[in-house]
Amino acid sequence: MPKTIYVLNGPNLNLLGTREPDVYGHATLADVERLCAETASGYGLAVDCRQSNHEGDLIDFIHDARATGAIGIVINPGGYTHTSIALHDALAAVQIPAVEVHVSNIHARESFRQHSFTAKAAFASLCGFGIDGYRLAISGLAAKLGITAKA
């Protein structure tokens, strides 16, 4: 059974492809999940993709990652990035390598979007690469864990 990376998406990411496509692009959440599965399989890994608009669900997903022995977490906390100390604390508590991802460049947007609580609990943060940031995050996690791409 392959080792698993959790890919967690927060509020409004279920609307990717239709919500502000000039900011977030036309790719859908299904496209993100497919990209993540393809990227992970190239490293002999599996992904468990989950999305919720509710902070408590995201915290439960993070706890589930530890309970199931996941080796990494890729998280796009959406708007909770800028507000949720609880998500930060959950990521810090489980002690699983995590990468924060944002489709848009949060540092080039409104001032209230330029601070991230969750990034402080991740070993890396990627923003502005569109959905390709998820591919980069999985590749970065694999590198951090010493996992090389399969031929």
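In case you wondered, yes, glycine gets a Cβ from its N, Cα and C as well.
On a predicted model such as this, the values are computed, not experimentally measured, just so you know.
As recorded in Swiss-Prot, the features of this protein are as follows:
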| type | residues | note |
| --- | --- | --- |
| ACT_SITE | TYR24 | active site, proton acceptor |
| ACT_SITE | HIS102 | active site, proton donor |
| BINDING | ASN76, HIS82, ASP89, VAL103, SER104, ARG113 | substrate binding site |
| SITE | ARG19 | site 'Transition state stabilizer' |
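In space, HIS102 is the closest of the recorded positions ARG19, TYR24, HIS102 to ASP89 (substrate binding site), judged by Cα positions. Here HIS102 (active site, proton donor) comes close to ASN76, THR81, SER125, LEU126, CYS127, GLY128, GLY133: these same-chain residues lie at least six apart in sequence, with C-beta atoms under 8 angstroms from its C-beta. The most densely surrounded of the binding-site residues ASN76, SER104 is ASN76 (count of other Cβ atoms within 10 A of its Cβ). Taking every protein chain shown into account, ARG19, HIS82 are the recorded positions, and of these the Cβ with the most other Cβ atoms within 10 Å belongs to HIS82. The Cβ neighbour count for ASP89 (substrate binding site), using a 10 Å radius and every protein chain shown, is 15. Cα of TYR24 (active site, proton acceptor) to Cα of VAL103 (substrate binding site): a span of 6 Å. The number of other CB atoms found within 10 A of the CB of the residue listed as 'active site, proton acceptor', across every protein chain shown, is 19.
You'll find the Cα of SER104 (substrate binding site) roughly 12 Å from the Cα of ARG19 (site 'Transition state stabilizer').
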